[in-house]
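Visitor: Here it is, the structure in full.
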Amino acid sequence: MAAIVAALRGSSGRFRPQTRVLTRGTRGAAGAASAAGGQQNFDLLVIGGGSGGLACAKEAAQLGRKVAVADYVEPSPRGTKWGLGGTCVNVGCIPKKLMHQAALLGGMIRDAQHYGWEVAQPVQHNWKAMAEAVQNHVKSLNWGHRVQLQDRKVKYFNIKASFVNEHTVHGVDKAGKVTQLSAKHIVIATGGRPKYPTQVKGALEHGITSDDIFWLKESPGKTLVVGASYVALECAGFLTGIGLDTTVMMRSVPLRGFDQQMASLVTEHMESHGTRFLKGCVPSLIRKLPTNQLQVTWEDLASGKEDVGTFDTVLWAIGRVPETRNLNLEKAGVNTNPKNQKIIVDAQEATSVPHIYAIGDVAEGRPELTPTAIKAGKLLAQRLFGKSSTLMNYSNVPTTVFTPLEYGCVGLSEEEAVALHGQEHIEVYHAYYKPLEFTVADRDASQCYIKMVCMREPPQLVLGLHFLGPNAGEVTQGFALGIQCGASYAQVMQTVGIHPTCSEEVVKLHISKRSGLDPTVTGCUG
């Protein structure tokens, strides 16, 4: 035993990490990688255990290939960590949608009395109960992913991987043990993490991000959300919806990259339903008070004046950065965009190194959306191992922002269509409508709005659809198929609606912005 310990110790007397080299046949991984034409350990190695990476790995395994996944979650600055599944499962789509649902249920409970239900008021929300239920569901998904990998004989390594050369990575697990892996093909699918404003004193010490909010055991209380991204507005929306005092501070326009008329309606609805907005403001300092509350100092950019407010929680939602900095990409020869550190890829998802690929949020110019990463991952595996040549189509990708009044869209925004084709060649059909469910409950529907962006010349190809209202994701998904197939305005108008639904208002759009007529829908059977 003493001899083993002595062998593990170097001249410094410290323990060296053990290296476990996985082999195929008699040659080690490092030898296989360095020898020209040497056998590799795996047909495919996926770095990153998020939605895109797992989809790619499972598809390749289904096609009979030897596959490995290397995944490791670096705890957030607040110490939050989670299991296999990536951002969407753990700190994104899934917990966000469930907490959004919790907020919607609060509104339904308030509506219930209008429908004859005798509900004691005021209704109280229990953050602990909600958080525990959401976290338990997330953990079940973590376990499900592990089982799926095992069932498909995908080798899983919980290691922080980085490149040694273009065919080899090494990774360190949380115990400090080093594992070295080689593969013929490597897919980078490491995703991204929330950005901290390092120029704001106290931001890192006292703030949290979307990596933390869904794993809080106690209610965040009075919350300041800093940012104008969809993450900022979604989080602020459900926090307000469950009864918390919530303020959004944003430097410039909300939902940059989305249709700006729709973005304005989203924030108008949130503001009219209790979320406060500090527009054109930037934080400069956060300090913790003796009461454990956070005192935030900010500047109004228009006036140059400073102001101060006190909050229980500050949530940063100012954007995301790709997880590429610790991959040692230069050792593999993989090129990144120096401005944002995203990996440059071609239509095949290939990087500057032909057998190394990148998919999902880490890839330059790709939508940061779970479904696109999943589809791109599956198609990549099919091209590599299934004799397919089908490329991912990144045009007309639908998405939904799960704010209190949901915003679904597919295709071009009005601004994009005008910039691409010119104002004189664009026709926009639009309508304000009131969901039937809002009528009895006497809910405000002034921001429920639809617009369809079309070419003006026949056959009036539909370029984009924008829907603001209940169940926007469900509505948009169906129309996305038509737009992907090249539907015209005339074809949409020939479609019979399902009555009474919100989605039928799309197939009844007949007033154009150019006409100047009132777009408000009156009656329910017109």
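Numbering starts at 1 and runs along the chain as it is shown here.
Placement of Cβ uses the backbone N, Cα and C atoms for every residue, glycine included.
So Swiss-Prot lists these for the protein:
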ACT_SITE  H499  active site, proton acceptor
BINDING   43-72  FAD binding site
DISULFID  C88-C93  disulfide bond
MOD_RES   K81  N6-succinyllysine
MOD_RES   K177  N6-succinyllysine
MOD_RES   K331  N6-succinyllysine
TRANSIT   1-36  transit peptide
Visitor: Nearest of the recorded positions to K177 (N6-succinyllysine) by CA-CA distance, picking from I47, V67, C88?
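Guide: Nearest in space to K177 (N6-succinyllysine), counting only the recorded positions, is I47.
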Visitor: About how far apart, in whole Å, are the alpha carbons (Cα) of I47 (FAD binding site) and K331 (N6-succinyllysine)?
Guide: 15
Visitor: Can you tell which of K81, H499 has the least company, meaning the fewest other C-beta atoms within 10 angstroms of its C-beta, among these recorded positions?
Guide: H499
Visitor: When neighbour density is defined as the number of other C-beta atoms within 10 angstroms of a residue's C-beta, which of the binding-site residues D43, E59, D71 has the lowest density?
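Guide: D43, out of the binding-site residues D43, E59, D71, has the fewest neighbouring Cβ atoms within 10 Å.
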Visitor: Do you know offhand how many angstrom separate C93 (disulfide bond) and S51 (FAD binding site) by C-alpha?
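Guide: That comes out at 11 Å between the alpha carbons.
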Visitor: Among the recorded positions listed here (I47, V67, C88), identify the one with the smallest other-Cβ count within 10 Å.
Guide: C88
Visitor: My understanding is the cutoff is Cβ-Cβ under 8 Å with a sequence separation of 6 or more in the same chain; which residues meet that for S51 (FAD binding site)?
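Guide: Once residues fewer than 6 apart are set aside, S51 (FAD binding site) is near G85, G86, C88, V89, G360, T370, A373, I374, G377.
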Visitor: Considering Cα atoms only, can you say which of K81, K331, H499 is the nearest neighbour of L63 (FAD binding site) among these recorded positions?
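Guide: When the Cα distances are compared, K331 comes out closest.
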Visitor: Out of A55, V67, K331, H499, point to the one nearest K81 (N6-succinyllysine) in space (Cα versus Cα); all of them are recorded positions in the record.
Guide: A55
Visitor: Just the number: how many Å between the Cα atoms of D71 (FAD binding site) and K331 (N6-succinyllysine)?
Guide: 19
Visitor: Relative to the Cβ position of K177 (N6-succinyllysine), how many further Cβ atoms are located within 10 Å?
Guide: 13
Visitor: Which number gives the other C-beta atoms within 10 angstroms of the C-beta of L63 (FAD binding site), all protein chains shown included?
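Guide: Cβ-Cβ neighbours of L63 (FAD binding site) within 10 Å number 17.
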